[in-house]
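These notes are about the structure you will find just below.
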Amino acid sequence: ATLTVSNQFQITPVYKSTCTFNNDFPALLKDVPSPPKSEDPLFQMGPAQGECRVICFHPKSNITLPLMTIDEIRAVIDRWVEETNSLGTKYLWVQIFENRGDIMGCSNPHPHCQIWASSFFPNEPRIKDFHQKEYFKEHGRPLLMDYVAKELEKKERIVIQNSDWLVVVPFWAMWPYETMVLPKTHLQRFTDLSKSQRTSLAEIIKLLGI
């Protein structure tokens with residue numbers, strides 16, 4: 001099928017590649033009222049502003065990323081970069097993720113991912129950012145680049161790799177099926193990916209996904 005119906009029964013326009021639209025039930029809104037001011041230091045609140053979008057990967061509703069061609073996956077990655085660039089000019093944090101199936105709370109059966117852009121730094125990435133900065137202060141090198149070098153040396157947890165990317169089961173994995181995709185060269189931002197790095201990432205996604 002090439003027709004996508006949103007939760008509010010709005011039909012998306014006919015598209016031939018990827019399609020982006022605003023989430024019908026966004027967790028974050030652009031315009032929110034400021035909460036009442038509290039004098040109690042234990043009960044502090046602030047407004048959480050943001051935007052939530054959905055990207056359908058492909059016009060067909062029965063196809064997932066690894067079943068798509070490299071060029072089709074590359075189009076999805078290009079859209080990730082475009083959306084990150086666009087939303088990143090307005091918000092502190094932009095997160096792209098996929099949840100699949102009813103058990104994960106997914107209400108749209110069409111293969112897709114979500115984008116949440118927020119005015120605040122969520123706790124988990126904030127903690128990771130802090131520790132990576134501390135590591136850099138102490139060692140003068142990016143933590144993840146040192147980690148890539150160690151995993152390439154040990155060859156114990158490597159799942160797949162190519163010239164640009166390394167996929168490992170991280171040393172700190174919480175789940176038996178957990179993997180981590182890492183660039184082999186230092187990239188400060190996802191939007192810094194070159195054209196060739198985007199294509200090689202598409203090749204990794206095709207091999208890694210289900």
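We count from 1, first residue shown onward.
Any Cβ shown, glycine's included, is placed from N, Cα and C.
Small disclaimer: the values here were computed from a predicted structure and weren't measured.
According to TrEMBL, the features are:
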type   : residues : note
DOMAIN : 12-122   : domain 'Galactose-1-phosphate uridyl transferase N-terminal'
DOMAIN : 131-208  : domain 'Galactose-1-phosphate uridyl transferase C-terminal'
> Taking every residue in the domain 'Galactose-1-phosphate uridyl transferase C-terminal' (131-208), what is their average pLDDT?
Replying inline: 97
> What does DSSP give as the helix, strand and coil breakdown of the domain 'Galactose-1-phosphate uridyl transferase N-terminal' (12-122)?
Replying inline: 25 helix, 25 strand, 61 coil
> How many of the residues that make up the domain 'Galactose-1-phosphate uridyl transferase C-terminal' (131-208) does DSSP mark as helix, as strand and as coil?
Replying inline: 38 helix, 12 strand, 28 coil
